[in-house]
Structures are given as structure tokens and as C-alpha cells.
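For reference, the structure discussed in these notes is given below.
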Amino acid sequence: MTSLAARMLRHRPGSSVATLLALALGALILTAMGVLVESGLRYHPEPVRYAAADLVVARTDTTFTGKEFDGEIYRSTVALPEGGTVPAALAGRIRDLPGVSVVGTDENIPVVSTAGVPLSGRGWGSAALTPAVLEAGAAPDRDDEVALGGVRLGSRVDLVVGGVLRSYTVSGSVSGDAVFFTDAQAAALAPHRGEVSAIGVIAAPGADLDDLRNRIAGLAGEARVLTRDDSGLAEQSTDRAAAVLLIQVGASFGGYVVLLVIFVVAATVGLSVRHRRRDLALVRAVAATPGQVRRMIVAESALISVIAGVLGVPGGLAAAHWLTAELTGRGFLPAGFPMVPGALAGPAAFLIVLVSAVLAGLLAARRISRIKPAEALGEAAAEPAGGGKARFIGGLIALAAAGSAALAAVAATGQTAMGAALGMLYLFVLAVSLLAPWINRSAARLLATPLRAVFGTSGYLAAANLRANARGTATVLTSLVLAVGFGGSVWFLQNNIERQAVAENHSGLLASRALVAPAGLSDSAVAALRAVPGVRAATPIRHTTVLAALMGDGESVAARAVDPAGLASTVDLSVKSGSLAALRDGTVAISRTQASMFRWDLGEKVEMRLGDGTAIHPLVVAIYQRGLGFGDVILPLATVVGHTATNLDDEILISASASADAGLREVAAAHPGSTLVDTATLTGGLARDLALSAWLNRMLIAVMVGYTVVAAANTMVMAALARRRELALLRLTGVTRRQVRRMVNAEQIGLLGTAVVLGGAIAALTLSSVVRALTGNLVPYVPPLGLVAVLGGTTVLALATTILPIARLLRVPPVEHIGIKE
């Protein structure tokens, strides 16, 4: 049957073009997403900072434990967003072990030149661990000396260290971008007192590294002991964050695309098989067994998927290359990030489209292969009236599941509600696809009178045809519903999130000014601002990330650490319960969304971990509304001191009278790199940051919506061109070309109206559920132009992909089409 399938494809390629296009585009998108995931998974950081160390002791991640439904314990490991630390005293204990030659501690000291260039501050004791070479001069010997490159020996250099301007004498010249202090000065400047970022070990010649590693592991506690090949994992770099981003983006969007491919391929393969009922009925009539017919259809689907994979996978690799360039240019990926060529992504995408096509072929062949040959020939002449009991029951089950997901989405908040709403979207579309024959017949009855009133005789024919061909137009209805439902929900979600975040930030900022510095601000800046006459309050804000357990997995949550003193004069978080006046060390304020997501209540002690892995159990003293604008967790500044990467503030909000402007400018001038701005500038910066981060989401959503639109157009063109014999018969019985065109227009308007109502309802329910969960707004924001684009685009899609092919068919004399092969 495989050879027969190949001959049928060769002689009648037109019936398979739609399936080929859908599979090829699916393979292209899946390959591109797969390259992202594969690049992230296969990323292994090369050792740079500790390239000379044999072993490195560092804490890079933290572990959460949970229970499966069967009681089985499982663990999930999460990278520490602020980077972990290890006790500095551990270095002395390691130094006493046999087989150790050199032990060096390393601190990440935030240093910025007066020109704004970030540098890596370290103690000279860590120089032995690095590839840095002392090219001239001597190592720093006094606390006012440094070694760095590009500066004349003996000259004075001003550096912003820990947010404070300091002056040093250059004692030596070293390669690289590091600034080396004396070990004593590095310990004094380090963000974490008594802690270090890592401890590097150089083994003595002939020492057993495995034995030494095991000995050190016995002393290291939760810290990891990394070999030289893995020591890059101990380095906090943008590459590691980029690898995580690639995995998250590629996996999440790739999963949605897989579902779309399954929907689209099932529709196109089913439509292709339905349009070839005469061929398949004849094959059955000449004694082909049901199994042979199924094998032939599956073989056709497999052959088409192989061709689609050959075409789509190389296109996906090219698309991944373009996407990498875009991500790098927009700052999502650091320059030079090692992207893989897709050795696994390509075959995986190929396998997915192959399996999807084979399964779709099996489903499509189910009915035609099971009926008797005589019935098959009869059904080839007329569209079957019923949709099948199994299909109807399956549709009701999908509809019930979608209703349950809708209730869950309405009742939940946060990411739980978002997941339920997206599941609801797919379930509703699945229910529509299964129940489409019954929906089409019901819609045809309801629209019969309006269509006759508007289109006359052509409207009567259109209504009759919609009723008679309810099963044949099911795929067209599903495609239109998918386009409207998908385009009208996920595309507008990003608009709502951005709009709400900016609105919350704008409404919640009570301060009139802000002091900002990309390199961070020290405590001295806060003290100086509070001393300026006319300043009512100065609130330092430190951006960080906390980790909390959700069903056993560690979830990252955006947090802000603030000084509670004067907070009411600078920020309004729209507190719904509790009070920010109670915020102090050992307490926390939570956004409404996160409180619902983690099931945290006012007055409850909750468990979370700071960005460096330190466990805390703060008491919830307030639940607030404006989480999108200010982060989902508000901690007292005292709680996070010594637990962030730089231990510096990101901005200081200032509530002051106009008379304080001169004093504020003096403070800004005394802190190089800082800028005094109004709070509207902060909100504008947030809007720009959101727009930049939203670019990736919008681009990927556009790809999915575009794939849906192309698939819908593909399906409708295929359905239109399959009506040659039907339209020819109408014309031979006296129906004019104008009447045929009006009939087709009336049919499409009926289908379009039904699809817009169903798809619009699905989109509205999905979007409103997610927006309510994330923002608290009952009515989502839909840009007018966006609404016009969705509805107008769907209308143009429905009409153009039908009217143009039909117009082409009508130009051919009907006698040429009445006997033409399918």
C-alpha cells in the first residue's frame, strides 16, 4: 500500500499541498524553538574567573523537596538568582587538608570607573585562581593601592566602589578587566561580611583530586565542590541567565506550537481524506481490506510529513539563526553566546510532525476504512449527514472539560489562573472542532431566514448547502474559530499586562523625585538625601528575587526591599488588608496575586528563600493590589542586607518640596554615576523595559497566530477548490455564475458569523479570566485597532480564501469540471 500511496501523491499532488504546507511550517517553527531549548540545555560555561583552580567551592543553587501523589519524594533544584556565598572561615579549614597547595577566596566587589565602565573587583589572594597576569609593577600592598590594566603605574585612579567614590594608587598592571585590592581591603569592601563568593583550591603536585574533592565536600555543607571543567558554573554570568531564558521560552512556546500543529494537521489531513472519498470508496469496492486502506492513508501522511520535514527543518535552522541575531541585538542574549546547530532539535521536530501526521491519518481513515464498500460508494456521492456518536460524545466531554477549566480560571489567580485559561482555550477549540457538524446545522437553521432575506435564492441555496454539508464545513469553522479565539486572546494579553503595570506604577508613586544609578547607591546617599532641607522622606529600594515553594517546585518571585521609614510618603501599594506600618524585619507584604497563588494569608508565617538561598519565615502583615507595578513581594531592607549580589540600592524615592531641588542636585553630584530624575521618568523607563521584554513574547505569539492564520487560509482554499463538481452541477442546472458567487458569499458570511460569535466568546472568556487573575480588572483592555485587525483580518481571510478560488473555478466551463477527477 505504500507504493500505491506514493503513486496517488505523484498523480494527485494538489490534494496534499495543504497538509504539506501545514506540516512544513510546523516543522520550521518547532525546529527554531528546539534550537533555543537545545542551546540552553547543552550550554556549559567555560571556566574563566577560576580557570587556574583545580577545585572550586561555591553555592550555586538551592533544592526544594515535594511529594508526588503517591507519596514519592522528589527534589527540584533552582539556581540562586543573587548568587550564593560560602563562609570565609571555610578557607582555613580547607587549607589544613593534606594535598592542598593554594587556597584563595574570591569576592565579587561592585566597581565602576568614573566613565561608567563596570569592572570586576577582587582581592589579590584570588589572582592565583585566574588567568590574570601581573604585566608590570607589583601587587597591591596597602589599602589605597590597586592593580589593574590600562592605567599608568603610580598614577591615582578614581573608582566607584560599593556606590562610593574612592581614590587609589595603581601599583601594578594586570591583564583583563579585573581590579585587584589587597585581601584586607577586599574583605572590607565585600558585599557579604564573613562570606565569600567562592573558594578556589590548587592541589599539590601528585595529590589525588577525587579524594581531595570528597574531603572538601565533607566540610562544605550545602556548597558544591566543582572540578576545573565545571568551575564555570560558579561564575555569575549573563550567559547562565541567557541559557535559562532559552529553555523557558523555547519549551513553553514550543509546547503550544505542538498543540497547534496537532490541531491543524488533524484538520487538513481529515479534509484531504474527505475530499478523496470517491478514490477511497473505489479502492474499498475492488476488495481492499480496511487495514489496507488505513495503511495507505497512513503511508500517504507519513510520506507527506517526510517531505515536509525535509523542507521545514532547514528553514527552522535558518529561522533560529535569525532569531538568535535578534535576541542578541535586543539584549536578551549576550554577544557570543554559544548556540548549537540543532543536531537534536531538527530530528525532534521531524519526529513530531511525522507522528502528528500518522496519528491524523489514522483518525481520518477510521470511518472510510470501516464502512462497507457499497456504503463507501454511496457516501462518496453525498456528504454523510451524521457526525458519529463517538465524535458527539467526545465533543461533549471536551466542552465539559473546558467548562471546568473556565471555573478554575475564574476562581484562581496568578499563574494558576493563566494556565487554566490557556487550557480552557484549547479545550473549547477542541470542543468546537468535534461538535462542528451539529453547530453548523444549528447555525444554518438559525441563519436560513436572514440569508434568504439578504441574498434571495442564493441565500436559500447557501442555507441548504450549509445544512447538507455541515460535516464537510466543520474544518472551515474550526479554522476560523481557532484564528479568532487565539488571535483575540493571547495577542491582547501582553497589552493588558503592560498597561496595568505602567498604570500601577504611575498611580503608586507618590514621590516627586528619584535618585538612580545603574551601578547602585550606598547607604551614604540615603543619609545625604534625608539631610537635605525640604526632604520629607527618602526611601531606598533594592530590586531582588525571592524563591518560594509551589507544589514542591521552587518559583522565582520579583521582590523589592524597602526602608519602611517614610514609605507612606513615597509609595502607595493599594493595600487591601493589613498595613505597611507593621512592616519591619521579620515581616513581609505580599501582592494579592501571589497571596492567592501560594495560598498565603494575612497573619501567617510563610516560608521563602532570599536570592542567595538564605531561608526566612516572615510574617505576612499586608496584602496589596499593585504587584505588577512594584513586584509581588515587599521586604524590609534590613532583611536583605548582605543577601543581594551588590548590597546596594537601585534607586531612592524622594518626597520633597521644590525648595530642596538645589540640595538634591548637590547630593547627585557627590555620587558619580547617579542621576536625579522625576518619577515620571521612572515610569517611562518601566514602560520601555516592559516593551523590550514584551518584544520576545509578541514575536513568538505572532508566530503562533500567523501559523494559525496560514493554516486557516490553507484549509479554506483547499475546501473551496474541492467544490468543482458541485458548482459545475449547479451551473449545468441553470444557476448563473452571479448566483453561485452570491451563494458562496452567503455561505461564508454564515460560517464567518458563527465563527466570530464562538471564537469571540472563547477569546473574551480566556482574556477576561487571565486579566482578572493578573490585574484584578473584570473587563480587559482591547486596543481598538487590534480589535479591528482581528475581526477585519478574519473577515478578509474568510472571504478572500474562498471568493478568489471560487472565482477561478467559475472561469472554467462547467462541463470541464463535472467529470474531473478529485
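The backbone N, Cα and C atoms fix where each Cβ goes, glycine too.
Note that TrEMBL annotation is computational and uncurated.
Values in this document were obtained by computation on a predicted structure and should not be read as measured data.
Here TrEMBL flags 253-373 (among others) as domain 'ABC3 transporter permease C-terminal'.
The domain 'ABC3 transporter permease C-terminal' annotation in TrEMBL covers 699-814 (among others).
The transmembrane segment feature in TrEMBL is assigned to 253-273 (among others). Sequence-distant contacts of the transmembrane segment (253-273) (same chain, at least 6 residues past either end, Cβ-Cβ under 8 Å): 15-16, 18-19, 22-23, 26, 29-30, 33-34, 36-37, 280, 297, 301, 352-353, 356-357, 359-361, 363-365, 368, 422, 426, 429-430, 433, 475, 478-479, 482, 700, 703-704, 707-708, 711, 714-715, 718-719, 722.
Taken from TrEMBL, the feature transmembrane segment covers 302-323 (among others). If one looks beyond the transmembrane segment (302-323) by at least 6 residues along the same chain, the residues whose Cβ comes under 8 Å of a Cβ in the stretch are 2, 5-6, 9, 16, 19-20, 22-32, 34-36, 339, 341-342, 345-346, 349-350, 353-354, 356-358, 361.
The feature transmembrane segment is assigned by TrEMBL to 343-365 (among others). Beyond the transmembrane segment (343-365), the same-chain residues lying 6 or more positions past its ends with a Cβ under 8 Å from any Cβ of the stretch are 19, 23, 26-27, 30-31, 33-35, 37-38, 258, 261-262, 265-266, 268-270, 272-274, 293-294, 297-298, 300-302, 304-306, 308-309, 312-313, 316-317, 320.
If you look up TrEMBL, you'll see 392-412 (among others) marked as transmembrane segment. Listed by sequence, the residues of this chain that lie at least six past the ends of the transmembrane segment (392-412) yet keep a Cβ under 8 A from its Cβ atoms are 420-421, 423-424, 427-428, 430-431, 434-435, 438, 596-597, 765-766, 769-770, 772-773.
Sequence-remote contacts of a segment are chain residues at least 6 beyond its ends whose Cβ falls under 8 Å from one of its Cβ atoms, and for the transmembrane segment (418-439) they are 256, 259, 263, 267, 386-387, 391-392, 394-396, 398-399, 401-402, 405-406, 408-409, 412, 470-471, 473-475, 477-478, 481-482, 485-486, 489-490, 754, 758, 762-763, 765-766, 769-770, 773-774. Per TrEMBL, the feature transmembrane segment maps to 418-439 (among others).
If you look up TrEMBL, you'll see 474-493 (among others) marked as transmembrane segment.
Outside the transmembrane segment (699-722) by six or more residues, the chain places 14, 17-18, 21-22, 25-26, 29, 249, 253, 256-257, 260, 264, 267-268, 271-272, 275, 326, 472-473, 475-476, 479-480, 482-483, 486-487, 490-491, 494, 744, 793, 797-798, 801-802, 805-806, 809, 822 with a CB less than 8 A from a CB of the stretch. For 699-722 (among others), the entry in TrEMBL reads transmembrane segment.
Same-chain residues lying 6 or more positions outside the transmembrane segment (743-765) and placing a CB less than 8 Å from one of its CB atoms are 406, 424-425, 428-429, 432, 439-440, 443-444, 447, 451, 454-455, 458-459, 461-463, 465-466, 473, 476-477, 480-489, 720, 730, 735, 791, 794-795, 798-799, 802-803, 806. TrEMBL lists 743-765 (among others) with the feature transmembrane segment.
Residues 480, 483-484, 487-488, 491-492, 495, 709, 712-713, 716-717, 719-721, 723, 727, 740-741, 744-745, 748, 751-752, 755-756, 759 of the same chain lie 6+ residues outside the transmembrane segment (785-807) yet bring a C-beta within less than 8 angstroms of a C-beta in it. The feature transmembrane segment is assigned by TrEMBL to 785-807 (among others).
Mean predicted confidence for the domain 'ABC3 transporter permease C-terminal' (699-814): the pLDDT average there is 83. Look at the domain 'ABC3 transporter permease C-terminal' (699-814): DSSP puts its residues at 99 helix, 0 strand, 17 coil.
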